[in-house]
Structure formats: C-alpha cells, structure tokens
Amino acid sequence: MSGGGPVPVPVKGDDSSILCMEDIKAIADAKLPEVARDFFNSGSTYQTTIAENSSAFYKYRLRSRVLVDVSQLSTSTTCLGRTIKFPLCVSPAGIQAMAHPDGEVATARACAKVGINMGISSFSNYSVEDVVGASNGGVNYAMQMYTMKDRPLQERIILRAEAAGCKAILLTADSPVLGVRYNEWRNDFRTPEGLGFPILELTSEMIRKQTHDSGFTAFNDDSHHWARDIPWLRERTKMQIWIKGIVTAEDTELAIQHGCDGIIVSNHGGRQLDGVPATIDALVECVDTAQGRIPIHMDGGIRKGTDIFIALALGAQCVWVGRPAIWALAHSGQSGVEKMLEMLYDDFRRCMALCGCNSVDEIKRSCLSRMGLDGVLRRME
C-alpha cells in the first residue's frame, strides 16, 4: 500500500474483552489500514529505542506494603493549573483522524469525561478552537509546536491557542530534522486524502503534494536555539513554556537557565534518533539535575498503571501517553479513549494501594527496588 490509504471506519469492539493495553492495540492493529498502522506504531531505523521505552520499566520492582490504611487514598494531582484525576495526560499525537474520523475532538471529550489534561498537536486534523471547545471547559490544554521558518504563522498559532484557552506551549525541541522511519519511506506515507492540518493552515490538497518528510522539512526551522527561541516565545505569550524532548542533564540545566516552566523527558516515542535512552532511564538523570527547580514530566512506554507509579517514584510529577490514545481511538473513538484511560487509572490506583501510598506525594524512590549487577535486589534511595 502507498499514499496513506483510506481512513478506517471504526466498529465498536466488545469492551468485556479489553483487559490490558495489549488488547486495545491488537484490535487497533486489526482495524487500521497497513500504512496508518505502520505510521502510528513504528519508531526510527532499527526501533531499539521504541522497544526499550517499554522494556526498561521491567528493571524495577515494586515494594508492596502491608497493614496500611488506604481507605482515603487519592490519586489526584495538579497539572497546568488544574486538579486532574490522576497524574496522566494525553500527548499531542498528530493525525488522529487517521485512527478515527472524530480524531482530536473525540480525545478531548474523553479527557474531559475522565478528568485529565491534553496536548494538541500542530498536526491536529481539527482546529485548536474545535478541540478546546469539545471539552466544554473540562480540560486544560497545552499547544504543541515546533520552531518554524514562517514566524508570522508561528505567532498566529500562539495567539490562537492562547485565545482559545490553552495554558501552555509544548515546544518540541528534539526535531531539527525528522528521524528516519523505514516503514514511512517504504509506504511513501502521505496524510490520507481529505485530512488537513488547520492549525498549520494547510489543506489536504497542499499536504498531499509532499511526502511527510518533505512537508516537515519545508516548515521546520533547523536553526533553532535556546538563546533566540525561548525569549521570542516569552515576548509573545503569557502561556507557560515547556520543552518537550529532553533526555540529558545538560539540557535540563539549560531549560532551567532559560526560565522554562517545565520539561517533558521524551525521545519522541522512539521516532527520532534510534539508540537514545529509554525515557524512564533518562528521567533519573534529569530529575537529579533539576533538584526540584523545574517541574518534570515524562512520556514514552507507559502501558500500565504500574509504569505510571514507577515514573512518579523516580521523580516525574506526571506522565503522558500518545500511542495508547491512538489505539483506543481506532478501537471505538471517544468511548475507546475513555476505556483506556479508566483502565490505566484503575491499575495505578490499585498499585498505590498495594504499595501503601495514600497520595501521589507519598510515591518515592524507596517504593522501588532494582537488581544490581551482582544479582542482589536493593531498595532505591
């Protein structure tokens, strides 16, 4: 198949058969056209990083506790100025209407129903106003963007996002060039006919004249740098400025020095440079460098409530999920995303209870053990 393929018409699955993320993914994989499935699921080159994003969680063991009163347990936390049900948000994944016709609008409604926040991709198939309006005030949003060659367009995106009610910019900083994704090249991936990028002011006809790679190169500014772009954003918005794509101590320190409001430890879901650390591994380095001077979130590989718990124990305040939302959309639109989020919530709450934690503030590194090179399991400090 080539050229993007048709947009699938989802058919609601049997929710009783959905018990874990693998169930949702299996149904999504069966329903999505090959090209769409490859686009959503693939990482860059040999896909080492995308695999390790999930497998790296298995290095850790949970230290369950007994005879702790958890009858008043609360999973809630604060994110982007709003109290959310549990420390998870939906990442700004693009082209969601390729998974379900309602795309980002369905995701927004699901986030509002569950009580969490959401990022909006520049590659959304719906306008920022449509996405924000879909939740009727029930979600705080972050507008994802790249550094663009067309600065007037970038400024329009910022102003529209702020006017629509977005609370933050997520500046994706890990993409001066696009990662090499073999499946996209083999499939000659192009966004399916009829789907535009209204935030980028691109119609379907304009988009389909280029491959995904060439289209990205046409608007993305590879001359981006800290000293120019962070002040430029500050001059144009009162929204928070978060940097998405950090995996090192050095860049964590630079984000702090340049006055950023937060960082998301992310490797772009393994879609940029293959061979970078899994985000759960990079998280520790970034947290230890920050020493509480800047909020730190992370994404990549979150598939279970226990993964959320491990990330918080290692110092993240919140985690984000992208592919799980796409798979859930392909499964059954808004109801599928709600099901996926509630599944993660239930698993996370159960993990908190069994580890004796009554609030997210009680989730510490001492809740985890890790196997040493000598084969001895040791509590983390």
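Heads up, the Cβ atoms here are built off N, Cα and C, so glycines get one too.
TrEMBL labels come from automatic prediction, so no person has curated them.
Fair warning: this is a prediction, and the values are worked out from it, not measured in the lab.
Annotated features, as they stand in TrEMBL:
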- 13-373: domain 'FMN hydroxy acid dehydrogenase' (DOMAIN)
- 92-94, SER121, GLN144, THR172, LYS244, SER266, 299-303, 322-323: FMN binding site (BINDING)
- TYR146, ARG181, HIS268, ARG271: glyoxylate binding site (BINDING)
- HIS268: active site, proton acceptor (ACT_SITE)
Measuring Cα to Cα, how far is HIS268 (glyoxylate binding site) from ARG303 (FMN binding site) in Å? 16
Widest Cα pair spacing in Å over the listed glyoxylate contacts TYR146, ARG181, HIS268, ARG271 is 19
Calculate the per-residue pLDDT averaged over the domain 'FMN hydroxy acid dehydrogenase' (13-373) and state the result as an integer. 97
ARG323 (FMN binding site) falls, by three-state DSSP, under helix
Comparing the binding-site residues LYS244, ARG271, ARG323, which residue's C-beta has the most other C-beta atoms within 10 angstroms in this structure? LYS244
Cα-Cα distance linking LYS244 (FMN binding site) and ARG271 (glyoxylate binding site), given in Å to the nearest integer: 14
Pop the Cα-Cα gap between TYR146 (glyoxylate binding site) and GLY94 (FMN binding site) into the table, whole Å please. 13
Please report the Cα separation of TYR146 (glyoxylate binding site) and LYS244 (FMN binding site) in Å, rounded to an integer. 10
